[in-house]
Amino acid sequence: MGASLPPKEANLFKLIVKSYETKQYKKGLKAADAILKKFPDHGETLSMKGLTLNCMDRKTEAYELVRLGVKNDIKSHVCWHVLGLLYRSDREYREAIKCYRNALRIDPDNLEILRDLSLLQAQMRDLSGFVETRQQLLTLKPNHRMNWIGFAVSQHLNANASKAVEILEAYEGTLEDDYPPENELIEHTEMILYKVSLLEESGSFDKALEELHKKEPKIVDKLSYKEQEVSLLSKVGRLEEANKLYRVLLSMNPDNYRYHEGLQKCLGLYSESGQYSSDQIEKLNALYQSLSEQYTRSSAVKRIPLDFLQDENFKEAVAKYIKPLLTKGVPSLFSDLSSLYDHPRKPDILEQLVVEMKHSIGTTGSFPGSDVKEPPSTLLWTLFFLAQHYDRRGQYDVALCKIDEAIAHTPTVIDLYSVKSRIMKHAGDLTAAAALADEARGMDLADRYINSECVKRMLQADQVPLAEKTAVLFTKEGDQLNNLHDMQCMWYDLASGDSYFRQGDLGRALKKFLAVEKHYADISEDQFDFHSYCLRKMTLRSYVDMLKFQDRLHSFPYFHKAAIRAIRCYLKLHDSPKSTAGEDEMSKLAPAQKKKIKKQKKAEARAKKEAESKSEESTASGASKSGKRNVKPVDPDPHGQKLIQVEEPMAEASKYLRLLQKHSPNSLETHLLSFEVNMRKQKFLLAFQAVKQLLKLGAENPDSHRSLVKFFLMTESISAPTTEAEKLRWRVLEAERPSISQLQNKSLMEANKEFLGRHEDSLVHRAAYAEMLYILDPSKKTEAIKIIEDSTNKVVQTNEALGQAREWKLKDCIAVHTLLDTVLLDSQAASRWKSRCAEYFPCSTHFEGKHCSLMPDSVYNSSRKSNENGDTPNHPMGQTELSDGQLEAFKSLSVAT
């Protein structure tokens, strides 16, 4: 570096490099300017000056200088390396790799460039290139441990675990007999356990077990040793030994559910589906009775039997489990037992049991069959549990009654107001839910979780400004909304995006949904620093697990939800474009002219973007000269207006659709959106492929049925094909149609009728039938409406201890109301449906039920009026919280407790 310079300037060049490494950017710039004064065309100095400016957020100048440096000294590996570093800093990894490869053509044995290249190859999952680079590093420096380990890991990632084992064995052959020293015991342990895991992954279980036992004296992590050993013993079929070892592990941690699962598998008693034979139940019961005698304080040992016990045995066990927790006052008890509600009989048993407990405590002060007096709080937590139970079963009136009783008993418990808020949300009164959540928040202004719950309720009630003010109470001073974004608060972005979408503000909605995508990009970027760190620290198993996690990152729920919502925004933009005079003129032009104008617009947009970028940098350059990174620039599009001005919404939607198809292929929504997008793009074969996937994943799903009917109705309505491509497409569709069982020897009308016959008792299926009937034959609109109105809201079979639960869900009823109003276009039918549903959901603001907060004479508003008139307040905080913690917007809202 700097070899072509005289000694004085060469020393200055070394100073530039040192200043860059120590982040003394002003000092580095001064040295670079001193060299360039005498040698203005020195490529390496220009490149280093550009690299320094890049660290000071003067990116445009940086790229200009570095590219000039490469131009002036194209045969310098330093210039190419620096250009690669610039691209890497901007996440342009493919361009950076090209630059590194150019640098290596000039200096093929440069260790620093090879290391940087290997990091990028690992990041981009260029696994064959990663193997090649790590092998080259090992060849150049075989006495460096990290090069051996890096080569082994590269082979492992490239699906060659056996080769990775060979490399680790070769490395072990270079070590002394007394290795490792005291200060490297942990690193060596990690390497041994990693090697054993590789043998396990390659299927060499016996060899892995032998290696583990052989190296036991050198392994200091005894817990990992035991966990690895028991896993291998199970896989080689030595179940008796595995059984004993799992019991040893349980003695160390009896609340580890993985150990319980492993023990059950060893005994042949584990069930993936949760269904057990009577013999399995008997053996499991005996096992956990013996374990409960050993581990009297273990909650897992008490909780696990509730999953497999039935009837009276279940009732006895669950009573024994919940009594001490109700006495203690554990708010999370219902969450703990919520999985039991997936079993057919257990919720009824729970209800009967807890109702008996509540009655007994209320009358005698003790649990049934006990003489021990319970503290007053036991009744409170019993009511608290019952409220959540009835909420889960859809009996919102009973749930509200129970939670009000609990509040009357002890009006100072915050959890009661949070649960009442949740019940009101489920019952359909989102405004009241937000007010209650704010009331709970006001009782403890330092509780971040309660604050977040309140924000969520406000967003669900479309009170976005209030939600923002509340959310930023727990962010840093300064630019609080940006701080909220930096915290990667994805639930907030999704909830606020949903609110904007409901309000028709597609710009802001898209802004929020794409912010979630940005969070995922940042998470993916965060792995970069670990490629070298984990090899250096020898945390190899965690490193490989992290890479596997990153590979499936986009399959996680938040990204899935954000991508689906973003696609729906683009669909709405496509269906309702904002036409302008310019667009009207465009529609009159010939295709060639349109193409030319579009090309010009793209070039203008690109030039404008570059100009804006330069303007931002020049504005920020004053602060940059200090040598420190700038504060974040102001968002040029805070309301997302540029996002909704996209020329081709379907092209943008397709980007996110491809990610969903790759990472969420088993989601019905993925293929439903694929159908919607491809129908709009007139890519009929892809749309048909989506229909087939929908039928494969859920043939009886109403949306699958809708898509099937819409697709073949469209194919029947299109004129005869003229081009060869169109003819081929129709031949494919004609050949494939008989493979659809729903349409074999049937017309679409007949298939629709059969669909209704299979689901006569389901509201959502009747609605799907009615919609398709109207689309197939608009003259049958009256019949379609009658099919919906003849639906019956049946009572769900329960023990009917308190009230009755009905089948219809609020969201389904709202969807049917929207269908009647906007698709079938019958306002009178929609009004009749609204009145009918108001009876079933009296708290729903959508249906304006008699108990919802919109009604002036509702129970809620009457209650608030009585408080204001001086009657006994039914809320502990009265007017105090209105001035101390509760938001002003809720002062006028009446919510009874």
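Any Cβ shown, glycine's included, is placed from N, Cα and C.
Owing to the predicted nature of the structure, the values given are computational and were not obtained by experimental measurement.
Some features that Swiss-Prot has for this protein:
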REPEAT    77-110  repeat 'TPR 1'
REPEAT    223-256  repeat 'TPR 4'
REPEAT    380-413  repeat 'TPR 6'
REGION    578-640  region 'Disordered'
COMPBIAS  602-617  compositional bias 'Basic and acidic residues'
COMPBIAS  863-872  compositional bias 'Polar residues'
REGION    863-897  region 'Disordered'
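When DSSP labels each residue, the repeat 'TPR 1' (77-110) comes out as 27 helix, 0 strand, 7 coil, counted as helix, strand and coil in that order. Shown for the repeat 'TPR 4' (223-256): DSSP residue counts in helix, strand and coil, namely 27 helix, 0 strand, 7 coil. DSSP labels the residues of the repeat 'TPR 6' (380-413) in these numbers: 27 helix, 0 strand, 7 coil. Beyond the repeat 'TPR 4' (223-256), the same-chain residues lying 6 or more positions past its ends with a Cβ under 8 Å from any Cβ of the stretch are 189, 193, 196-197, 200, 205-206, 208-209, 212-213, 216, 262-263, 265-267, 291, 294-295, 298-301. Model confidence over the repeat 'TPR 1' (77-110) is summarised by a mean pLDDT of 95.
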